[in-house]
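Report on one structure; see the data block that follows.
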Amino acid sequence: MVSRLLSLVSLCLLGAKHIEAGVTQFPSHSVIEKGQTVTLRCDPISGHDNLYWYRRVMGKEIKFLLHFVKESKQDESGMPNNRFLAERTGGTYSTLKVQPAELEDSGVYFCASSQ
């Protein structure tokens with residue numbers, strides 16, 4: 001049963017500052033079964049047009065997934081496959097959806113923002 005579980009972990013480590021409200025990402029972690037859908041959300045720092053998604057698989061380096069400017073995708077060269085869908089609504093928050101999730105999707109997912 002444990003081997004059927006898929007852990008998708010979402011942490012906010014990039015782009016946050018103590019001076020102002022930082023990037024907010026949730027859920028902070030998610031454990032799901034293979035085949036289920038997981039949706040991660042990133043709220044950038046207010047006024048930031050650029051939003052980035054990254055993923056780190058255990059034992060490997062952080063990999064770029066995609067970059068938005070406002071609601072427009074600028075570069076999605078790092079998106080793994082067609083089961084991954086990212087959107088940015090009105091240039092504000094972004095969602096990253098994995099459907100259906102597979103074991104190889106396990107990892108730490110990061111988002112960051114910049115002006």
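Heads up, residue numbers simply count up from 1 along the chain you see.
Note: Cβ is positioned from N, Cα and C throughout, glycine not excepted.
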Among Cys12, Cys42, cysteine joined to Cys111 by disulfide in Swiss-Prot:
Cys42
Name, in the order they occur in the sequence, the residues of the same chain whose CB lies under 8 A from the CB of Cys42 (disulfide bond) and which sit 6 or more residues away.
Val23, Thr24, Gln25, Leu51, Trp53, Tyr93, Ser94, Thr95, Leu96, Cys111, Ser113
DSSP says what for the domain 'Ig-like' (22-115): how many helix, strand, coil residues?
3 helix, 50 strand, 41 coil
Give me the count of other Cβ atoms within 10 A of the Cβ belonging to Cys111 (disulfide bond).
28
